[in-house]
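Residues or ranges marked as domain 'Semialdehyde dehydrogenase NAD-binding' by TrEMBL: 4-118. The NADP(+) binding site annotation in TrEMBL covers THR11, GLY12, ALA13, VAL14, ARG39, SER40, SER157, GLY158, PRO179, GLN320. Per TrEMBL, the feature phosphate binding site maps to ARG98. The active site, acyl-thioester intermediate feature in TrEMBL is assigned to CYS127. Look at TrEMBL and you will find GLN154, ARG240 tagged as substrate binding site. The active site, proton acceptor feature in TrEMBL is assigned to HIS247.
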Amino acid sequence: MKYNVAILGATGAVGQEFIKLIEERKFPVGKLKLLASERSAGKQMQVLGETYTVEEAKAESFKDVQIALFAGGPASKVFAPEAVKAGAVVIDNSSTFRMDPDVPLVVPEVNPEAIKNHRGIIANPNCSTIIMAMALKPIYDRVKIKRVVVSTYQAVSGAGKEAIDELTDQVKAIMEDRPVEARILPSASLPKHYQIAFNLIPQIDVFVEDGYTKEEMKMVHETHKIFNDYSIAITATTVRVPVYRSHSEAINLELAGPLSVEEARSALAAFPGVIVQDDPAEMLYPMPLYTSNRDEVFVGRLRPDKSVTYGLNMWVVGDQIRKGAALNALQIAEYMIDHKLV
Ligand code: 2RA
C-alpha cells in the first residue's frame, strides 16, 4: 500500500532531510507534493529519480493527501487545520501544537502509545528534547528519575541555513583579517547579534520566564508531556556552539534508587536507536562531527555522580536534523502505517 504525502517546507533543511529519508527508508510514497512559501515555489527538486516542482502552499494543496509532513515554522499554524480538514494526518515539526492537550507529542521509541489519541495532528518535539528523551527512557524504565540537570551544546544548523552560512563567513573573515559581521545568531528576529565563530552564545530563542530561554523551557515542558510524568524536576541551560551539525548534551541525573553504571550502559545499549560509545581507556565518546547524518543518538562518558546518593552523568549527542526533526517525524508516520492508524 502506498500513501499520498505532502511535505510543507520542502526546500528548507528539515524538508530536504525528509526527502533524503523517504528515499533511504523506501517510505511507501504514492503521490508526492512538495510545498513551500511563494518565494520557493517553482524550484525543481529530484526525489526518487523524478523531478518535482515545488508548489506554493495553499489551503487546497492537501486534497487527496494522507500524510502531511510539516517541516516547521509559522506556516504550520495556517495550514495544519486545512490539511486536517482535507483528511490528512499532519506530523508537525513546529512548536505550535506541542503543548496542546489534544495533540500527542511523540518520540516513537519513548511514547508511541500516545499516537492513537490524535485528532489529526501529531507534534514532533523540539530537537534537543528528542535527543535527551532517547537517553532518559531506557534509564527511566529501570529506575524513576527524580531530577535532570541538562546543559546543551547546540549546532548552528538548528537555527537554519543562514546560521550555517554565518559561521562559515565569520571564520573566513577572521582568517582573512576582515571585519566580522553577525546578523543571525542568537536569532534573526532579536535586536542584537553576536559572533558565533570561536565563541559560545548562551541564548537559544527568546527569554521567557525567570531568566530562562524558550529553548530551555521546551526541554522542561516537553519532556514532562512525553514521559507523562510531571514529577521529574528538570532544569536546562541551552548554548549555541560553533559546530555545524549535531547537538550535544551533558546530562546529570538524580535517580530514585540504585542503578550501576554497568546497568545503565546495558539498558542504553539495548534501547532501539541508541548507540553507546563509552570507553575511556580507548578515548571513545560521542562527538558531533562523527554523529552527523546518523540516525542514532549516541551516549558516552557514563559515570556515577557521587555528589548525590543515586547520581549518574552522561554525554549525549545526536543529529538534530535527523533524529531531532525529520527522522522522528517519519518514524511517527511509519508507526502509523505499521499499526494501521492511517
Ligand atoms: C535550535 N531547537 O537548535 C532549535 C532547532 N529546533 O535552535
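Every residue, even glycine, has its Cβ placed from backbone N, Cα and C.
On the structure: features taken from TrEMBL.
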residue: THR11; record: NADP(+) binding site; DSSP class: coil
residue: ARG39; record: NADP(+) binding site; DSSP class: coil
residue: ARG98; record: phosphate binding site; DSSP class: coil
residue: CYS127; record: active site, acyl-thioester intermediate; DSSP class: helix
residue: GLN154; record: substrate binding site; DSSP class: strand
residue: PRO179; record: NADP(+) binding site; DSSP class: coil
residue: ARG240; record: substrate binding site; DSSP class: strand
residue: HIS247; record: active site, proton acceptor; DSSP class: strand
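HIS247 (active site, proton acceptor) is 9 Å away from SER157 (NADP(+) binding site) when you measure Cα to Cα. Closeness to ligand 1 is met by CYS127, GLN154, these being the recorded positions among THR11, ARG39, ARG98, CYS127, GLN154, SER157 whose Cβ falls under 6 Å from the molecule.
In terms of Cα spacing, the recorded positions THR11, ALA13, HIS247 that come within 10 Å of CYS127 (active site, acyl-thioester intermediate) are HIS247. A simple Cβ count within 10 Å picks out one of the recorded positions ALA13, CYS127 as the most packed, and that one is CYS127.
Cβ crowding, taken as the number of other Cβ atoms within 10 Å, peaks at GLN154 among the binding-site residues THR11, GLN154, SER157.
Mean per-residue pLDDT, taken over the domain 'Semialdehyde dehydrogenase NAD-binding' (4-118), amounts to 97.
Ranked by how many other Cβ atoms sit within 10 Å of their Cβ, the recorded positions ARG98, ARG240, HIS247 place ARG98 at the bottom.
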